[in-house]
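One structure below.
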2 protein chains.
Amino acid sequence: MKTLTVDLGDRSYPIYTGSDLISRSEFYTPHIRGGDVVIVTNETVAPLYLSQVQQALSGFNVIDVVLPDGEQWKTLDTVNRIFDHLLEARHTRTTTLVALGGGVVGDMTGFAAACYQRGVDFIQVPTTLLSQVDSSVGGKTGVNHPLGKNMIGAFHQPNCVIADISTLSTLPDNELSAGLAEVIKYGLICDGEFYQWLQDNMAGLLARQPELLTEAVIRSCENKARVVSEDEKESGRRAILNLGHTFGHAIETHQGYGKWLHGEAVATGMIMAADLSARQGWIDRNETQRLAVLLESARLPVRPPSDMSANDFLSLMRVDKKVLDGTLRLVLLHAVGDAVVTSDFSTDYLDATLAEFVD
Amino acid sequence: MKTLTVDLGDRSYPIYTGSDLISRSEFYTPHIRGGDVVIVTNETVAPLYLSQVQQALSGFNVIDVVLPDGEQWKTLDTVNRIFDHLLEARHTRTTTLVALGGGVVGDMTGFAAACYQRGVDFIQVPTTLLSQVDSSVGGKTGVNHPLGKNMIGAFHQPNCVIADISTLSTLPDNELSAGLAEVIKYGLICDGEFYQWLQDNMAGLLARQPELLTEAVIRSCENKARVVSEDEKESGRRAILNLGHTFGHAIETHQGYGKWLHGEAVATGMIMAADLSARQGWIDRNETQRLAVLLESARLPVRPPSDMSANDFLSLMRVDKKVLDGTLRLVLLHAVGDAVVTSDFSTDYLDATLAEFVD
């Protein structure tokens, strides 16, 4: 078991990573200040892991909330169901919410914790690779709106994160790949050595070798934590974490939530961002090819859906949160391991990238 | 015009108070960083003041959202309507929300600002005495839930508050009185001199003399700002601001939102808290009588609704936010001008107070 501390002053918190952690009470108890706990999970995860977490929390007054599974349920209405349960059980400001599941459960539970009585404690127990490397760090919580993804939310830091690698054994192959997209992202944006390590170890990661997965989670969280510690409120450098996300959100929004996995959309978005970076002359075209090979070896898509036009992209990207005052800002690469947030790119090159990638 | 600065470090903001302020752009412009503004108001206030605020903001790209009027609309669903408008107009993170109306509009607009894209700017333009003295300071935003008042929300500070006394000219008499309940509260909890001033000037306040109302707003905001500056997150002393609110919330919840005005419920709650304080021997029984006379002179109720039982109070007070780990905490008076948050009171005396006040 390894512990990584996300350094945020008086809101710092530990990430515990390793095998067989979720049933061990010692990872939860020091981070719970009242007697009441709510475990929020979904219909897929509950049969697999809920009883283990309940056992770890047997010293507390525990209720559980089992939500439907899927991004289409990441709505204000679903969060309101969490509030219903909290109020019916008369939980007060000292309650602790435990998010057991992937990013959707984590985002909604975190948002519920941010808003219940104007803020209560919560613990993340991410059970997907994506949520272990992405949602665990940064304090972003929230829900979708029919007109945009993650448009409603709050910054709210967990008391701790318990990232149990063993839970990845039940993860579907496509979700493992989607998580690897974000792992690859950390190499691309700020850790060239890790990027090389991923090229060397992709086969073992796909074979779910525990020591490799642990290393990938730890290294990803370290990278994200370093970027987030530098810029908690996403005013500047933190936005490099969105490499591939502006193109990717356009894909997700166009297809409707849940059709493409987030990581799949991000993978395609990253290759598009790399293509634009190469057109700008910032990276070598060979690097774009090398990234495509890596993404494909991780069984990730490198082309957007065939029914998307260039105008679909442009229209959907304009409502993306990275747009400041109407100017489209993108995360691009100055080199592998060195991303930058910029609006200083040629719109002709953007058009060329879109033309290259749409049918 | 007087300016009071609420000192919260890098989130400090000014409260502008005086007559004829809302149509003057100079109070808004320094606090708006983008080109987009959304004015959120309700059907009652819009015909009276919306055009004046639109005129003051004519240099910006302004849309307005006119909500139905009433506490029963203070819900997540209504806040979601604000999100609909923001997203349909493609407003980004640099938008500014302007809350034009009373506490309900302010609470919902502030909560929408707290959550839209995880936080955007907002300006409060309170048009009721209650919201000018109460909602303007403290950063509390949120909505009600069928099982409890203000159970969902966030702390989110405005960029500035424009408290225009002139808007009180159109305020119904009962709402003026409800605002005076909170004004009286500030005297009771931490400013005995102000409490005396209110006794001397209640007739002039009810006659809406502008200089007296300005003084009452300024003095109330100063008192609240001082308490809030000491304790922004309501961990301790700030809770004295809830004098009368635990009893009062029980009344509001029992009657259903909107039957009793918040200030009316607080007035009755304050006299009940004073009665309990007198039974504890902390204040003289004459002070309870003196408070009852002041509240009645402000045309406020000093008895709970006749259909409420002692058990109704006890049951509803247990879900109140001031309950920590099942122990009922109340704001009581050690003296006029000196409130305390305590669970150290006799439950027999509480029963006696309830018996005294219920029929």
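Using N, Cα and C of the backbone, Cβ positions are placed for all residues, glycine too.
According to TrEMBL, the protein carries these features:
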| type | residues | note |
| --- | --- | --- |
| BINDING | A:69-74, A:103-107, A:127-128, A:Lys140, A:Lys149, A:167-170 | NAD(+) binding site |
| BINDING | A:Glu182, A:His245, A:His262 | Zn(2+) binding site |
| DOMAIN | A:65-177 | domain '3-dehydroquinate synthase N-terminal' |
| DOMAIN | A:179-323 | domain '3-dehydroquinate synthase C-terminal' |
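Note: the Zn(2+) site is recorded as A:Glu182, A:His245, A:His262; in the same chain, A:Leu130, A:Asp134, A:Ala181, A:Lys185, A:Gly244, A:Gly248, A:Gly263, A:Ala265, A:Val266, A:Gly269 also have Cβ atoms within 8 Å of that site's Cβ centroid.
With DSSP states grouped into helix (H, G, I), strand (E, B) and coil, the domain '3-dehydroquinate synthase N-terminal' (A:65-177) comes out at 47 helix, 35 strand, 31 coil. When the binding-site residues A:Thr128, A:Thr170 are compared by the number of other C-beta atoms lying within 10 angstroms of their own C-beta, A:Thr170 comes out lowest. The DSSP breakdown of the domain '3-dehydroquinate synthase C-terminal' (A:179-323), given as helix, strand and coil counts, is 105 helix, 0 strand, 40 coil. Local packing around the Cβ, expressed as the count of other Cβ atoms within 10 angstroms, is greatest for A:Thr167 among the binding-site residues A:Gln72, A:Thr167. Taking the C-alpha atom of A:Gln72 (NAD(+) binding site) as reference, the shortest distance to any of the binding-site residues A:Glu182, A:His245, A:His262 belongs to A:His262. Taking Cα separation as the measure, A:Asp69 (NAD(+) binding site) is nearest to A:His262 of the binding-site residues A:Glu182, A:His245, A:His262. Cα of A:Gly103 (NAD(+) binding site) to Cα of A:His262 (Zn(2+) binding site): a span of 10 Å. Take the binding-site residues A:Asp69, A:Glu182: by the count of other Cβ atoms within 10 Å of each Cβ, the lowest one is A:Asp69. In sequence order, A:Ala99, A:Gln124, A:Pro126, A:Ser131, A:Ser135, A:Ser136, A:Thr141 are the residues of the chain that are 6 or more apart from A:Gly106 (NAD(+) binding site) and have a CB within less than 8 Å of its CB. Cβ contacts within 10 Å of A:Gly103 (NAD(+) binding site), excluding its own Cβ and spanning all protein chains shown: 24.
Between the C-alpha atoms of A:Glu182 (Zn(2+) binding site) and A:Thr167 (NAD(+) binding site), the distance comes to 18 Å. In this structure, the C-alpha atom of A:Thr170 (NAD(+) binding site) lies 27 angstrom from that of A:His245 (Zn(2+) binding site). Separating the Cα atoms of A:Thr167 (NAD(+) binding site) and A:His262 (Zn(2+) binding site) is a whole-number distance of 19 Å. Looking just at the domain '3-dehydroquinate synthase C-terminal' (A:179-323), the mean pLDDT is 91.
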